[in-house]
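Have a look at the structure that comes next, please.
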Amino acid sequence: MKNRYFSTAVGLYFNYLVHGMGVILMSLNMSSLEQQWHTTTAGVSIVISSLGIGRLSVLLIAGMLSDRFGRRPFIILGVVCYLAFFIGILHSRTLFTAYACGFLAGMANSFLDAGTYPSLMEAFPRSPSTANILIKAFVSCGQFLLPIIISLLVWANMWFGWAFLLAGAIMLVNALFLLHCPFPAHPGRIMKPNAPQSPDANAHPCSLIDLFSYTLYGYVSMATFYLISQWLAQYGE
């Protein structure tokens, strides 16, 4: 029997196809952005760092609000922030403005995560891990396609900004598609009366060492991912 949320999942995955492009868009257009912002590679690097800072700034609160108000609003909010990033970067003329746009892109990532991961888990309760791991596959597809797109733009002697506009157009069309897709029913915050806990509830407590280790691993792995994706192209040059 076909899952009624299949079309929703496809739309959610396409957001991350564009996200994969967005992560490396600035690093692959570094020379053009240096001229636009009248800065050096170090200046562009500062702007790129804003993506990580923006993501960290709202990640926790976005997850909490998503649990309370539902998934779709935060997915749409993430798309809006990404559209502001794609358009804002092309119109920015100072590092301050560009940094603000990059910060929005980081926030967009957090908003998408807060809505997408739980949506997929709720839509595919029998295979939540498989549904979520496919997100990384679409991110990788976006990072594979973008260098090809930029190479075609360079070959055709076209403006570098078309890559930003193409990514924004894909995300906009996809957002309109998601507005008409069904999402799993969200129970919101359910208040339950206090009840005595069974002995099994505390059978496997999570120690502070485990919590710290998993958190540290998550940050290190994400930092490694961003480091490689941002600077591999520069290393190749």
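Each residue, glycine too, has its Cβ placed from N, Cα and C.
Heads up, here are the entries from TrEMBL:
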- 8-237: domain 'Major facilitator superfamily (MFS) profile' (DOMAIN)
- 12-30: transmembrane segment (TRANSMEM)
- 42-62: transmembrane segment (TRANSMEM)
- 74-90: transmembrane segment (TRANSMEM)
- 96-112: transmembrane segment (TRANSMEM)
- 133-156: transmembrane segment (TRANSMEM)
- 162-183: transmembrane segment (TRANSMEM)
Using a Cβ-Cβ cut-off of under 8 Å, list the residues of the same chain that are 6+ residues beyond the ends of the transmembrane segment (96-112) and lie near it.
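For the transmembrane segment (96-112), the nonlocal Cβ contacts are 15-16, 19, 22, 26, 33, 37, 46-59, 62, 74-75, 77-82, 84-85, 88-89.
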Quick one: find which recorded stretch in 74-90, 133-156, 162-183 has the most Cβ pairs under 8 Å with the transmembrane segment (12-30).
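Answer is 133-156, with the largest number of Cβ pairs below 8 Å.
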State the residues, same chain only, that lie 6 or more residues beyond the ends of the transmembrane segment (74-90) and have a CB under 8 A from a CB inside it; answer 'none' if no residue qualifies.
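Sequence-distant neighbours of the transmembrane segment (74-90): 12, 15, 18-19, 22, 25-26, 33, 62, 65-66, 97-98, 100-102, 104-105, 107-112, 114-116, 119, 161, 164-165, 167-168, 171-172, 174-175, 178-179.
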